[in-house]
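Enquirer: One structure is given below, represented as structure tokens, and several questions about it will come after.
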Amino acid sequence: MAETEEPKKLESESLSDPPPAPAPAPAPAEEEKPVVEAPKDPQPTKDKSETPPPSAPEHKAEADHSKVLAIVEKPSEPAAEEKSKEGSVNRDAVLARVATEKRLSLIRAWEESEKSKAENKAHKKLSAVGSWENTKKATVEAELKKIEEKLEKKKAEYVEQMKNKIALIHKAAEEKRAAIEAKRGEDLLKAEETAAKYCATGNAPKKLLGMVKLTIVGRLSDGLCLAKGPSSLNEEHENFSFYKRQGEFILREISRGALPPSKMTIRADHHCFNYMVENGIAFITLCDSSYPRKLAFHYLQDLQKEFENFDSSLIKKVTRPYCLVKFDGVIGNIRKQYIDTRTQANLSKLNANRKQDLDIATENLSEIIERWRYSEILERPSTSVYIQAVSPIWCSPRLEVIAMKWTPITVTIFVVTVVLWATIIHADDNFMILN
């Protein structure tokens, strides 16, 4: 009897399994995916712990007991079916949840893999960029180093050149200093010899301070110097010829119209050129800068008054410079009156009309020279064209006279010769026709 009850207990235990856990809430619609159904058992209600059937001798007794059990437990079959249905539904939900979790784990694994790939790729690219940057930096630094080396080399060369130039300048300066020292020694020796000569002869040197030093009288029509008078400067002195050339240059500029044809004062170093123009004649004098300008123009006015006594026709016939020797003596006599500015006559001239200022223009000689150079540069092309246009053969006045005299005669002879030659040829042709 105990053996027959054992299958009943096992069956009742299998039928009275605890109910499965409630199914989880369904996933959101956006994450729903097809659920893979698990294979169904052909006998879903049969438990794995069921014992095997009894042996053949006991088959009959077992059939009797099963009938009894079937009769007894017939009312509980609907509840068992409901439990089996609920278990299958719960199992499907669990399988779906497992599949979802598996899918999510696969997605997370794929995401992590892709992220790691992206990180590795970016890391490789960043390392490549870093290596490229370091290579370029090294190249640029190498080029910069080469350029710095070249610049240092050029700098050293330029420094050497500048040092050589400085050495040459220093050498030239030393030579000039030596020449100046030698000249000073010669001047000192000459002064000592002259002083000894004065002591031996009993004479004394003249003082040449604050006086009229040079006078030039010129014609404005052609800029020719007519007279210069005795100068207070020693003609052997190098400054005499220098100031004389400057005075002649001023005369040419006045005749050219570059300077005003009235009165003017021109500063040259520590001296002043004062000039006055009257009746086409320019009177120029060189004085110290300390000499009164009013007195210098009184001196020029006295020269102009004395020059009016000369014959104007004689003045126009002068062709060589400084040929008016007669006026040199007049210049010397008038200059003696203006050597000392402290005489009563000169003081009265200075004090007369003191309130009336001299309306005389003043200019530097250097500015006049610069203006002359600029005008020469501007006139140079037109002058060269004129020289090319005019043949040098006809520049001489004598050749022009010869050409004007003999050109008509030559043309007449040529025309007569041509006419005679044509007549002879025509006569020969007529003679041949008649024959």
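The backbone N, Cα and C atoms fix where each Cβ goes, glycine too.
Pulled these from TrEMBL:
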type	residues	note
COILED	137-168	coiled coil
COMPBIAS	1-12	compositional bias 'Basic and acidic residues'
COMPBIAS	17-27	compositional bias 'Pro residues'
COMPBIAS	30-50	compositional bias 'Basic and acidic residues'
COMPBIAS	57-67	compositional bias 'Basic and acidic residues'
COMPBIAS	74-89	compositional bias 'Basic and acidic residues'
DOMAIN	216-331	domain 'Longin'
REGION	1-91	region 'Disordered'
TRANSMEM	406-427	transmembrane segment
Enquirer: Can you name the far-off residues of the same chain, 6+ from the ends of the coiled coil (137-168), with a Cβ under 8 Å from a Cβ of it?
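Expert: The answer is none.
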Enquirer: When you scan the chain for residues with a C-beta under 8 Å from the transmembrane segment (406-427), skipping those not six or more beyond its ends, what do you find?
Expert: none
Enquirer: So what's the average pLDDT for the domain 'Longin' (216-331)?
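Expert: Averaging the confidence scores along the domain 'Longin' (216-331) gives 86.
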